[in-house]
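The structure under discussion appears below in the form of structure tokens.
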Amino acid sequence: MAEHLASIFGTEKDRVNCPFYFKIGACRHGDRCSRLHNRPTISPTLLLSNMYQRPDMITPGVDAQGQTIDPRKIQEHFEDFYEDIFEELSKFGEIESLNVCDNLADHMIGNVYVQFKEEDQAASALQALQGRFYSGRPIIADFSPVTDFREATCRQFEENNCNRGGYCNFMHVKLIGRELRRKLFGRYRGYRVSRSRSRSSSPLRHRRDHDRRERDSRDRDYRGNGRSSKDRYDRHERDGSKRRYGSPKRSRSPVRDGSEERRARIEQWNREREERE
């Protein structure tokens, strides 16, 4: 029985604990929810509720006076906020991820999730934020159960086809530009821009990266051009209406010799090396 309860914990089959609170740290029913909201006493993730105030809060793309807002101005306003929050929170430790919801529902609008590398860093940040204000509004911060944003974000939104729009119950994460992300997260050693749904690197991925670097090194030696191709990672570009989560790609370099000539040269190099040894 215990194994069964553990296997369904935080899922729709769990009739005791709220799956939305477990996955997202927020529930549209709030304290009136019929299921339990198990608030963590410690977590690497903090939730700053309703903190980001978009300039088009009432109607998307329109300000409070009913005037249309240039989308570039909206993005600039958001990135100024994002950088400001990041710089302040990074004083308490290394930030693994900082996500801001683009949802419109009351329990999610403007929610900011910051995940630190260590739990004690999050605890220090939480203590420092108590009683503080931002833009004249009190900061409401608490530990969040969210540690895997793959389970919290909306898959349809990432593919630009969520039919629930801003009132979806899963996170619609608002994106920042590539340059700002590199500026903020690039300070951390070993940082790579990666897709939001996969924040942690797996051993298999490390192995693939190692193999790719070896292939690039061999290509430079065989071609003798001294140029290396660059891995490109980008989760923030959009191509038309579809987002691109760029997988590592090697830039194409001109092949100066045919495959037979390269194989013959390689065999010759191997024979010369064996003779020298």
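Placed from the backbone N, Cα and C atoms, the Cβ positions cover glycine too.
The feature zinc finger, as given by TrEMBL for the ranges 120-147, 148-175, sits at 148-175. Segment annotation: TrEMBL labels zinc finger over residues 12-40 (candidates 12-40, 41-69).
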